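Participant: I grabbed these lines from TrEMBL:
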- 43-48, 95-98, 131-140, Asp166: FMN binding site (BINDING)
- Arg256, Thr490, Ser551, Arg552, Lys557, Val558, Tyr559, Val560, Gln561, Asp594: NADP(+) binding site (BINDING)
- Arg412, Tyr413, Tyr414, Ser415, Cys430, Ala431, Val432, Tyr436, Gly446, Val447, Ala448, Thr449, Trp632: FAD binding site (BINDING)
- 8-25: compositional bias 'Basic and acidic residues' (COMPBIAS)
- 37-182: domain 'Flavodoxin-like' (DOMAIN)
- 237-476: domain 'FAD-binding FR-type' (DOMAIN)
- 1-25: region 'Disordered' (REGION)
Amino acid sequence: MGCVFSLPEDRRDAAERTPTTRETSFVEKMKKTGKNIIVFYGSQTGTAEEFANRLAKDAQRYGMKGMAADPEEYSMGELARLAEIENSLAIFCMATYGEGDPTDNAQDFYDWLQENDDENLSGLNYTVFALGNKTYEHYNAMGKYVDKRLEELGAKRIFDLGLGDDDGNLEEDFISWREQFWPAVCEHFGVEASGDESSIRQYELKVHTDVNMNKVYTGEIGRLKSFEVQKPPFDSKNPFLAPVTVNRKLNKAGDRHLMHLELDITGSKIRYESGDHVAVFPTNDSELVNKLGEILGVDLDVVISLNNLDEESNKKHPFPCPTTYRTALTHYLDITNPPRTNVLYELAQYASDPKEQENMRKMASSSPEGKALYQNWVLDSCRNILAVLEDMPSLKPPIDHLCELLPRLQARYYSIASSSKVHPNSIHICAVVVEYKTKTGRVNKGVATNWLKNKLVNGHKSTVPMYIRKSQFRLPFKASNPVIMIGPGTGIAPFMGFVQERGWLKQQGKEVGETVMYFGCRHKNEDYIYQEELEEAEKNSVLTQLNVAFSRDQDHKVYVQHHLKKNKEHIWKLIHTDNAHIYVCGDARNMAKDVQTAFYEIAEEYGSMTRTQATDYVKKLMTKGRYSQDVWS
């Protein structure tokens, strides 16, 4: 198994922003602080925000001044005014989320771009770096749209759109783009690089010796003490602590651990619909945290604050402060993903062995040799920051600089496996525990799934900080429309909710259309999860057809798409004549593509179409909302 290096794409915290009357004019702010470069980010899992911060920091090396900005916090209608600032430039780091959608924090900006046809941006210099993943249908749709739309409105593109692919090596794509981007900027503005390659600190350390412990953050995401005194509404900045009422292993055998959890949301006023996602805020493994403390030789329980050296910045701290190093490494910082090259570059100065220092700088360079070393030594070997420190014995960074550089630990999203019509006070999660051996012989464990696995019912602290993220993955408005659900493995999650809901509608006396399920797993007697529930639904005619592919129970592999092809004629009738809605959930890399191809083949054969026509036919179903995907890679 390869590295699990998924940063599912951002959650900003109230604690890191000053809630005072905020300047919504980025132009005024830039004038006031003498900045000429602004880097906007559309980020869902923090990566685009990280890249934006790196570019803003870069500006200093080129004798310019930059700031990173969340478009949600500023009035984007001011872009035309950027021309008032000499040598000004707007950089957009835009991630695409879901099915080609903008990230939550860039939704308003996206709407503004779409609605304002008469906007004149002729004085705006811009460039875009897009973050996406090639396994998805709408690869980098948001970045491409922003790049094209700004040009349509008269803005001047001063460097080509950069396309980052998280299915390949997003970090390398970014470095390669950035390496060509800055010389182009210098040339455009006629400035020279100052050649200052030294490390620039963004925050300064303050150690608190006599602090009131009631003023110290202990893992809260937003408001201090928000986990002790909970107040609705609950959202990404104010999660609800939901007690775990059920945690059971789903598979009967095999070496994996598939689990079903139930979170109690009684009294929270939280509402959800089948198809929504539940976001949970996990914590890192204490063993990993302790080892980091040991290898760095520090007392993790010191109370500290990291304060932004730029007094004008909206972001006063990299994570909620004051807090302890232990809390920061447990709740706020990502210590399990392979570190990005900027972290290696900035930490290199703390390696006393010249060879180790050279290798760290080389890995952060854009030379083919350096890129290969980073790919092999960090990514392919799945080395997290602890492994890097263990395997570079001379590297002894100050813990405060390390904490400044590490990215934020992100919320994890799971498709909800229940219906609120049947379970109004409970949210079900279905997940597989991630654990694998790396090339270096270490065992890497998925942060969230291992943390969830250890949430014992009625145990100490068996609560999960969570909130709901709405999705477009919805049952048809008319219950009489047939539905075709395709979800192998844990991809079955949202369909458990759908099946519960269709059963409930039937009980209400509604006319419910055909409900067809395609599920797949490895072995019937090992990981056929929810077997009892599915067979019961079939017996009660809630599921009109249940097709299960057991991929490894015979000498040749059988997958969901093979079962689809067996029922071509029936499927074509459901889609073409009966207005069926199709839903696909699970692996984006292979399964979703293979399933889509199976639908092309069905349309070719039974709709007498060419491949091009069949492709258009399926794409039309997508735009009409009759072919929905909830996929991940």
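The backbone N, Cα and C atoms fix where each Cβ goes, glycine too.
What's the neighbourhood like for each of these?
Facilitator: Here the Cβ of Tyr139 (FMN binding site) has 17 other Cβ atoms within 10 Å, regardless of which shown protein chain they belong to.
If you draw a 10 Å sphere around the CB of Tyr559 (NADP(+) binding site), it holds 18 other CB atoms from the protein chains shown.
Around the Cβ of Ala448 (FAD binding site), a 10 Å sphere holds 22 further Cβ atoms from the protein chains shown.
According to DSSP, the domain 'Flavodoxin-like' (37-182) comprises 64 helix, 35 strand, 47 coil.
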Participant: Rank the binding-site residues Ala95, Cys430, Val432 by the number of other Cβ atoms within 10 Å of each Cβ and report the first-ranked residue.
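Facilitator: Counting every other Cβ within 10 Å of each candidate, the maximum falls on Ala95.
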Participant: Can you count the other CB atoms that lie within 10 A of the CB of Tyr136 (FMN binding site)?
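Facilitator: I count 23 other Cβ atoms within 10 Å of it.
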Participant: Pick the one among the binding-site residues Tyr414, Trp632 whose Cβ has the fewest other Cβ atoms within 10 Å in this structure.
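Facilitator: Fewest other Cβ atoms within 10 Å, among the binding-site residues Tyr414, Trp632, is found for Trp632.
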Participant: Give me the non-local Cβ neighbours of Gln561 (NADP(+) binding site): same chain, 6+ apart in sequence, Cβ-Cβ under 8 Å, ordered along the sequence.
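Facilitator: Residues satisfying the criterion: Met591, Asp594, Val595, Thr597, Ala598.
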Participant: Between C-alpha atoms, which of these binding-site residues comes nearest to Gly446 (FAD binding site): Gly98, Asn133, Tyr139, Arg256, Lys557?
Facilitator: Arg256
Participant: Reported as an integer number of Å, what is the Cα distance between Gly98 (FMN binding site) and Arg412 (FAD binding site)?
Facilitator: 14
Participant: What residue among the binding-site residues Ser43, Asn133, Ser551 has the most other CB atoms lying within 10 A of its CB?
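Facilitator: Answer by Cβ density within 10 Å: Ser43.
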Participant: With the NADP(+) site defined by the record as Arg256, Thr490, Ser551, Arg552, Lys557, Val558, Tyr559, Val560, Gln561, Asp594, how many Å span the farthest pair of C-alpha atoms?
Facilitator: 24
